[in-house]
Amino acid sequence: MDTQQQQQSAIQGAKVLMVGAGGIGCELLKTLALSGFHDIHIIDMDTIEVSNLNRQFLFRRSHVGQSKAKVARDAVLRFRPHINIRSYHANVKNPEFDVDFFKQFDVVLNGLDNLDARRHVNRLCLAADVPLVESGTTGFLGQVTVHVKGKTECYECQTKPTPKTYPVCTITSTPTKFVHCIVWAKELLFAKLFGDKNQDNDLNVRANKAASSSKETEDVFERAEDEDIEQYGRKIYDHVFGYNIEAALSNEETWKNRRRPRPIYSKDVLPESLSQKNGSTQNCSATSVDDSAMVSAMPLLGLKNPQELWGLTQNSLVFIEALKLFFAKRKKEIGHLTFDKDDQLAVEFVTAAANIRAESFGIPLHSLFEAKGIAGNIVHAVATTNAIVAGLIVIEAIKVLKKDADKYRMTYCLEHPSRKMLLMPVEPFEPNPSCYVCSKTPLVLEINTQKSKLRDLVDKIVKAKLGMNLPLIMHGASLLYEVGDDLDDIMVANYTANLEKSLSELPSPVVNGSILTVEDLQQELSCKINVKHREEFDEEKEPEGMVLSGWTQSPATNGESASTSNNESAVEVTESSSGPEIASKKRKLSETQPENHKRETENVESEDDDDLMEIENPMTVSKKKKRVA
């Protein structure tokens, strides 16, 4: 049998699992079908939104609200009716998609939009010994990587960059960038006004101080039942943009070497009554109780272009009108809201608040379109990139099916040519010997065993950092914690009680030198954690009060430094929640790349949660790592 026949035989006889039917997924399903694949299964929990239609070409407006997986299946079967496509409108983390389920497939192809799901699929593929082809895009950038157990590094062999954070003092007191104002408006002000009222934050502390200085003793964020909405909005405006700024200015030491902010009060910016000027929110045809996410303040104010730059007065009007609409049209949601980039009114409020604060601190203002991109960490999707990446996935999948291990490539799609190439292939690398997922290397946890509770360990480490969904924690032969449907009431009560105990007070005390075994039975993953007691932690740098090490990249070898050099270039693309990350230590190129290829590390999200990816200076130099032979 010649090579072409072997390839066709491998393709037609393969059973393929696709996870994700969004931007990459639509292109991938089409390409698989047209390439001759006959047995394709698709898992996707999402439904189609209007904003998907500009690039997820298998969907039409009539499909809005329907399952992505099912509609994609039906669309492809119309031009390839003879093949078998099975769709699952479900979460890939559901119990039915276990190791045995994954074992039936010859290859798994990922087009996911979050880190948690990608790690979950990676672990199931390792447990089932099924090859995984990962992918991700961000604007014009994209990448495809191959992960084969025992031959190449797994998806978690390298560090996944964490979202960029900012010091609390910078956000609350001394912002210098517009992103600081966005974080303040989104995480503090919006959360305080419309989120959990019992959740304390720095904004609340400052508001109380301001309230005292203005001879008001009540909580300024509390609205009385009979209080006029507009007056309430003005009160909030004056406190956060006026009194709070004045309170901050009272600390002369802070402003010795900084530009002093300007307090802004509603009476200096807004007319006496907005209702006469703009009409009533109750009669606004743009609002709908049934579609709260589409409620908007912009039509009330004659604002139509989201890319228009609003001045201080316009931002102030949007701030008040948006707040009024939340109380007039979405009152039942107040107390439970969190910021959502697809919530038009939330975006308007956060944009206006951030711009008013920016005006106060002398920071350039931004349009709603720009502010939404910053608040939602959005890089708008490019359909062509999705199509290119989908094609690369199929190419690598065919190599996997043919077992051409020496031809596997991790391929990067670049925005600017490098050596006259926009596609940069890199040979895959061996598994990282320090990877706790595929190499079983123990982790080290520094924690105050006398103060930290088991709940802190479960929530902040086991679930948040290790990505375990159904964890089991053992200390020696003692079972400290377990979840599952098969537990009796006594066991559940015991484990619940353990959660509230400090580590040193557990039935089998966890102290300095203890070794914990943590397992996830669904993922068939087990790892060891060496506990190291530590008394104090830096609240700014280590806010969780614990530090996990050993889950990062392996240290430099052969005497070479892992630090970046300025006279060599290498491909290095990392991503956050969706695209696969190849962090550091990539194959070196022979040319030094021009300065315009450099890109600061930033957390970005492609439009509408498709194929989320973090890019960290794709042309940065890094140390060479041993390649798979």
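Placement of Cβ uses the backbone N, Cα and C atoms for every residue, glycine included.
Lifted from TrEMBL, the feature list:
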{"type": "ACT_SITE", "residues": "Cys169", "note": "active site, glycyl thioester intermediate"}
{"type": "BINDING", "residues": "20-25, Asp44, 52-55, Lys68, 113-118", "note": "ATP binding site"}
{"type": "BINDING", "residues": "Cys154, Cys157, Cys435, Cys438", "note": "Zn(2+) binding site"}
{"type": "COMPBIAS", "residues": "603-614", "note": "compositional bias 'Acidic residues'"}
{"type": "DOMAIN", "residues": "328-372", "note": "domain 'Ubiquitin-activating enzyme SCCH'"}
{"type": "DOMAIN", "residues": "445-537", "note": "domain 'Ubiquitin/SUMO-activating enzyme ubiquitin-like'"}
{"type": "REGION", "residues": "535-629", "note": "region 'Disordered'"}
May I have the list of same-chain residues other than Cys154, Cys157, Cys435, Cys438 whose Cβ is within 8 Å of the Cβ centroid of the recorded Zn(2+) site, in sequence order?
Leu126, Glu153, Tyr155, Glu156, Pro431, Asn432, Val437, Ser439
By DSSP assignment, list the helix, strand and coil residue numbers for the domain 'Ubiquitin-activating enzyme SCCH' (328-372), in that order.
27 helix, 0 strand, 18 coil
Least Cβ-crowded entry, counting other Cβ within 10 Å, from the recorded positions listed as Cys157, Cys169, Cys435:
Cys169
Same chain only, sequence gap of 6 or more: which residues have a CB within under 8 Å of the CB of Asp44 (ATP binding site)?
Val19, Gly20, Ala21, Gly22, Gly25, Ser67, Lys68, Ala69, Ala72, Ser87, Tyr88, His89
Inside 10 Å of the Cβ of Cys154 (Zn(2+) binding site), count up the other Cβ atoms and send me the figure.
23
Just counting, how many other CB atoms are there within 10 A of the CB of Cys438 (Zn(2+) binding site)?
22
Looking only at the domain 'Ubiquitin/SUMO-activating enzyme ubiquitin-like' (445-537), how are its residues distributed among DSSP helix, strand and coil?
24 helix, 30 strand, 39 coil
May I ask for the distance between Cys438 (Zn(2+) binding site) and Asn54 (ATP binding site), taken between their Cα atoms and rounded to an integer number of Å?
39
Measuring C-alpha to C-alpha, could you say which of the recorded positions Gly23, Asn54, Asp113, Asp116, Cys169 are within 10 Å of Cys157 (Zn(2+) binding site)?
none
Where Asn54 (ATP binding site) and Cys435 (Zn(2+) binding site) are concerned, what is their Cα separation in Å, rounded?
39
Starting from each candidate's C-beta and looking 10 angstroms out, tell me which of the binding-site residues Asp113, Asp116 has the most other C-beta atoms.
Asp113
Using Cys169 (active site, glycyl thioester intermediate) as the reference point, find which of the binding-site residues Asp116, Cys154, Cys435 has the shortest Cα-to-Cα distance to it.
Asp116
